[in-house]
Structures are given as C-alpha cells and as structure tokens.
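As written in TrEMBL, here are the features:
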DOMAIN    A:8-420  domain 'TRAP C4-dicarboxylate transport system permease DctM subunit'
TRANSMEM  A:56-76  transmembrane segment
TRANSMEM  A:137-164  transmembrane segment
TRANSMEM  A:170-195  transmembrane segment
TRANSMEM  A:220-239  transmembrane segment
TRANSMEM  A:245-260  transmembrane segment
TRANSMEM  A:281-302  transmembrane segment
TRANSMEM  A:314-334  transmembrane segment
TRANSMEM  A:341-365  transmembrane segment
TRANSMEM  A:371-391  transmembrane segment
TRANSMEM  A:400-424  transmembrane segment
Ligand code: NA
Ligand code: NA
C-alpha cells in the first residue's frame, strides 16, 4: 500500500492538471516520507534538483533548442520547409516525410531526443500548419521524429546502456544503425498509409511546381543545408563532440543569420525566452522524475518486481518478453535515463544468464525507451514538442498513436529477428 | 549485548548501501560486494544489506551528502574530495607505488590522522579504502618515447591532481564526461586520456586507442566506502568489530586483485593488438621529477585555506619510508 | 498587494535576464573551447566545470519562476478539458499551495547546502579552485522565486474562487513576451 499510494497520487495529480514536474516531485516526496521518513526526503530534495541539472552533457539540450529557435525566428527553417515542400509536396504527406528525414538528420548529430523534438516542433510544426495539415498529424510526426535520435548514433541512451552493462559502446552504436533506419522507414510508411486513409489530414499541393521553381527554392536554403552538413561532418571527423554540436551549431546559425541580415536585437530576446521556456520545462520534469525514481528505487519496488519475474517457471522468451514489457510500462511514467539506471543493472544479469545476446538486448531496451518517450501520461517528447509548438498534449498524443503501433511492430520484428541488430556489428568486426 | 537503542543482537539489522559504479564493475564486485558478504558471514547473517549501485540513489558527488543525511547508511564517498581535500594526498601523481602498498599507506594515514580530520568531521567513518592502480597515459596515434612527445597532446583527465599534473608536463588537459571518451578518442577529438588500466575495459578504450604506458605514475584514485557515524555508533559492538575486520580483509583482497588484474589486462590488451609499453628509465625519471613539482603547490593551496597540507604530505612520506619504499 | 506584485515581477525579470545571459555565455564558451581545441590544440581550462556548475544551474533555476508565469510547466489536459471550470480551479488552487510548499523545501535545503559550502570554504580541486557555494546558490534563489510565484498564483486563484476578483486579473500568455 505504501508503494501503491504515491503511484495513485501521481496519476491523480497528473489527471487533475498539476504541472508534470511538480506532480512527479511531490508524489515521489510523499512516497519517500511515508516509506523512509523525513531524513531521506530532505536528503533527496537537497541533492536531486542540483544533480539533475549539473551536467555538461545536458547542456546539449539548451544549445540545440537555441539553435532551433534562432533558425525558426529568423525564418531559416521556413525557407527550408518551403523548399522541402516544393520538392516533396506532391508526395502524399510530403512535409511529414520531410520531417522524418530532418529528424533522422538531427538524430545523427544529436544524442538527445528531447532537444531534437523541440527543434522539430519549432521548425516543422508551423510550416505543416501553414499548409493545412491537421494538428494531430503534424504533432504526431514531430514528436515521433524526435525519437529517431535515440537509436541513430550518437545516442546517449545506447552509451548509457553500454556503461551500465559494460557491453562495448562502439559495437552498440553500430548495432543501432539498421534499427534506426528501419524505424525511419516505418514512420514514412505509416505516413503514407495514414494519408491514403485520411487525405484531408495532409493536403497535397495541387499544381506541380516546375523544376525551375524547385531549384529556385534552394536559394535561401543552401546556407542551412551547408551548415547541417558542416556540423554533422565536424562530429563525425571528431572536430567536435556530439555534446558541443549544439553550441557550435547555434553560434554558426547566429553568424549566418546576422550575415543574411535576418537577425535583430529584438528577435534576440524572443529567441532566448523561447529557449528558456523549453529547456527549463524539460529539466524541471527531469528533476521531478529523478525524485520519483529515487522513491521507486529506495523502496525496492523495481527490485521486487524483477526478483518475481526471475522466479517464474516459464520459457526464457517469456521472461525476456516480460522484461521488455516492464521497460515499456515504466516508460509510461519515468524519464528514459532513470529507467535505464534503475533497470539495466538488475535485468542485465538475468538476460545474460538466460543466454541472450547482450547487444541485441541493448537494442530492445533502447527501442522500448524510444517508445516510452511518446506514450502517455509522461511522454517527454510529446510534452516538449507540444510545449514548443504551443499545442495541447491531447492533440499530440492522439497523433502519435499510429506511430507507436508501428514502433511496437518494429520492436516485435527486432525480437523475432535478432540479426537486424547483430548483423552489422558482427560483419564489421570480421 | 544491547546497543543504544535497546535492539537485541538476534534482531536483524538492515543497512542501505549506495554507490555510483555499475554492479558489474570491479569496484563493486571485488570491493563493496566482497565486504558486504564478509560482514554477513562474520555476523551469522544478523546484518543484511540493501544495495543500490550505479547512481541509483544519487550522483557520485552527492553520496557523502546522502550518507550524512542518513538517506542511506553506507556509500561510496570517493568523490567527496572537495569536502575532504586532504584525502587526495594518495591520489597525487607519483604518490603510491602499487595498489597493495598504496592501500596500506593510505589506511595507516587514515588511522593516524585522516579519520578525525577528514571523515569524522564530515559525519562519516571509512569502512575500507583502496588506491586504484597508477594512472597511465593512453594515446591513439602517438607512442611516447621522450617527455617532449607528451607536450601539446590533448589528454582527457578527470579533475583534481591529475589535471594539474597533465598541465605541468605541457599537455592540454581536456575535461569530458566519461561516456564520451570512447567516441572522442576514436574520432581524434582528443589524443588520449589519463586513466588506470583497469578502467580501459569499462569504456572499451582498448578498442579505440593504440598505445598505453605501463609504468607511468600519473596519480591514482581512492575507492572509499564510508558509514554514517551515528548509525555506526548505534550498532552492537560485535557488528562494529565484524565490519572493521571485513574492511581489513576487503582491502587485502581488493588491492591484491587490482595489482594482479593490471598484469592480466596488460597481456590481454596486448593480444588484442594494443601496444602496451614501458617508458625508459630516463624518460620516466624526467616525468616523475616534473609531476612531483605539483605537490608543493597542492599543499600550499590547502594551507592557504587552513588545511594542514604540508603536514599530511610529510606524514604520508614517513609512512612510505617505514613501509620500506 | 498590487505594489508587492509589481516589485516581485521586477526582481523576477532581473533574474530571467541573468538566465538569458548565462545561455549566451554558454553558447560562446563551448564554441570557443571547441575552436581552441581544434585550431590551437589547447582546450580552454575550466569551461567544462564553469558550464555545468554555474551556467547550467543559473539557466534552469533562475528561469523556473518566469516559465511558471508563462504557464510553461506543461500539464496533462486529457481530463481537465472535460471537467467544469469550477472543479479544475479548486484543484488548481490546492496544487499551487502544495507546489509552493514543495519548492520551498527545495529552496530551504539548497540554502543549507550553500551556507555549508560557503562557511567551509569548499572549492573544487584541480587547476581552477571554483568556489562551490557560488554554484549552489542559484538553487535556493531560483526555488524561492518560484515559491513566491506559486504563492502569488495561489492567492489570485483563491480570490478568484471566493469571487472577489474578475478573471482577467490573471496574466495572459500573450501579454508577456
Ligand atoms: Na542520435
Ligand atoms: Na511515456
């Protein structure tokens, strides 16, 4: 009961409209107080808020959001999507497909899906609205495209799994490539099917633009394309680390905008406020999620669950399925990093003892984490995207459902065919 | 025997233990888990532990605070060097000859001086402390033949004395989150890193870098687990005794393991294609001479803040002499 | 009361400007460090620690209250959209009070932590001896600001509930930026 009560409280707080960060923090605190006493509560609220923010790696979040905000306020993204529309607009759901591509591109530069989602929301959403795409469709695409950053290397989640399990980070990152591409293809197929069934959600351009118009549309786009190319190039040649890419990108976009005479001091205030709004919202939720996570951990709730599963007398595939399901269920409520820290150390030994491939398990866990980012009630990517676009979370969750179905199918595929994850790293090792 | 709270010894005592390393890591397996098992055995199962590895209850730098506030009872307090700056003496470059000897030296200093000065004044008591193997220079493309070869290299270091030493020898210390080292080394963002050989495998560095020294002494790290002092004083006497004995045994076991493990790993990495080499006598001599210049600065900076930096250095040196090297 | 509100808004604004400044500095420093490492083969010492211990903390904590003012701390709207406004307002008022108590506790603990680091002169080890209290202090400052903001919102909701104020008194999003 003492463990169930805070969980019920959390659901109650969330449903009746308490800000998510406060709901997680307060429910977690109450859990700590009734289970461990006031000392533990004071200990945790002294360390957790500071610790959750004091991280160089997390500086990627404000920096990538800043980059996106500059691009958005100065109209650079508008140009980019105008061009994408000229080229892809004739395809059904063309802007949606362009967003998936952009998400995969962002994913290749960034390890942070929240930063990626915020960027996509401030960049792609207004454009899709301008071309009369429905809100759930547009927000669904934006929220889900952000998750591509999780599987496509570099990925903070994969690296974290590698460290927790001491499985090779390099191998894991390579193993993420094919599932990442597969996921992007899955999203595009979902868009095509969606638009086939409900064409009114994503109207196609009636008249086909001439090649001349198409090439002309690149005029204002090439500096940004060049920039993305340069930043990605700088990461892969090792000039900068993935964490630094946000700051370097933001700085370069700023210079570019000034050079193109698109930037004024007035837009400066707006850019910075937009950035603060998304960043602080995200990190405050992370603080709340940490406190709630500590409550679940210190009371042994997660540990007990795993011990129970381990003791079941069933086939090893059933146990694996249950473990993956637990990752999915925790993904409803908790921050992805918190889930990994909580669960990998206790489930990894079981999975290995059952004789499963550790790299494959890493990819399954990552896929589950990816899905958790967009599932209610706590779907970080949906929150971030909705916050950045100024849209109700309900609308976004509505739009994301079909992509989650796709993700679940891909997860099943990954479970059924481990080679999707293991083939590339094994080939490269030989 | 009853303790202050009137608990009978046949009542089970459960203690919460937290650290920041994965439970698969050697610090966990050969350190705290070994210690917990010994305490359980020595107390006939009267003492039980709830173990939270991998920063499950807080970041490494907060574990001292969580122990002080008794959110947990026992924790890995190794990263509390800001609150206990004198404990860093054993981490200074060139300070310890090996894990086994370094551990003996450090524990003696704890007994003589640091227990009161650093630990108890922060409300905790160390259960055991082990000095990790000497930090080596691991590089991607460049083998170090002379001291001059180090100059200008971008080397990832953790903060503290290692950073100071890296700067002293003319390399550029680069700060970077541990999970990023692998990619940074592989892609040449940095030229290498300063780490103990035992840390290569957890980060897979043996696959990203080609060269590693084996006899450099760039400093160390002290793996310490401490208990909340109030909790400790309330424990029955026989439990305290068991914990101290388990601590002694763990230090013996863990430090021996580390020294042996370094030998083993060196061979493994060599077989995997890494060049594990020794610096020649002259280069090593020059290197040691340069890095030991940082000791005085270290002590002076501490004296300026009211800590007995020079006294600790002197005591540590004396202990080293008495132990015979 | 109105004057107090006004003063608070002024103070809050000052801290948001600090937070915005920290953001700009963060961008410049990280980019400069990367450039220096690549061009001169020398990392700029201290940028890593300065970013994580000062800039990140200031950016997040000093803007929490302002983000609350903008209604930026996101919430679920699945159920509240379907409930009568009077019901959600009662919960809202309660939640604001609860939130204020929780954030105040964080601020108080942060203050204790800052005071200890200050009185013990705790500094970071390594090449630069960063004073640690200057890193901690943004936690209590930001948390207390946030507490004030929540109490302000609470008193407004309460007046609204008791029918003593008209609805438009609550700040609208559009008025702010
Ligand atoms: Na990525
Ligand atoms: Na979720």
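Just so it is clear, glycine is given a Cβ too, placed from its N, Cα and C backbone atoms.
Just so you know, TrEMBL annotations are computer predictions that nobody has curated.
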Contact yes or no, the transmembrane segment (A:400-424) and the transmembrane segment (A:281-302), 3+ Cβ pairs under 8 Å, gap 6+: no
For the transmembrane segment (A:281-302), sequence-distant contacts whose Cβ falls under 8 Å of one of its Cβ atoms, 6 or more beyond its ends: 2-3, 6, 10, 20-25, 27-29, 31-32, 35-36, 40, 44-45, 48-49, 51-53, 58, 61, 114, 118, 330, 333-335, 337-338, 341-343, 346, 378, 380, 383-384, 387
Beyond the flanks of the transmembrane segment (A:314-334) by at least 6 residues, Cβ under 8 Å: 10, 289, 292-293, 296, 302, 305-306, 342-343, 347, 350-351, 354-356, 361, 364-365, 368-369, 371-373, 375-378, 411, 415
Cβ-Cβ under 8 Å with the transmembrane segment (A:220-239): same-chain residues at least 6 beyond its ends: 71, 76-77, 79-80, 82-83, 105, 108-109, 154, 245, 248-249, 252-253, 256, 260
Average pLDDT across the domain 'TRAP C4-dicarboxylate transport system permease DctM subunit' (A:8-420), rounded to a whole number: 87
Other parts of the chain folded back onto the transmembrane segment (A:341-365), taken as Cβ under 8 Å at six or more residues beyond its ends: 151, 158, 160-162, 164-165, 167-168, 171-172, 175-176, 179, 293, 296-297, 302-303, 306, 309-310, 316, 319-320, 323-324, 326-327, 330, 334, 411, 414-415, 418, 420-422, 425
Long-range Cβ neighbours of the transmembrane segment (A:371-391) (under 8 Å; 6 or more residues past either end): 11, 14-15, 20, 24, 65, 113-114, 117-118, 120-122, 125-126, 135, 139, 142-144, 146-147, 150, 274, 277-278, 281-282, 285, 289, 327-328, 330-336, 339, 397, 400, 403-404, 407-408, 411
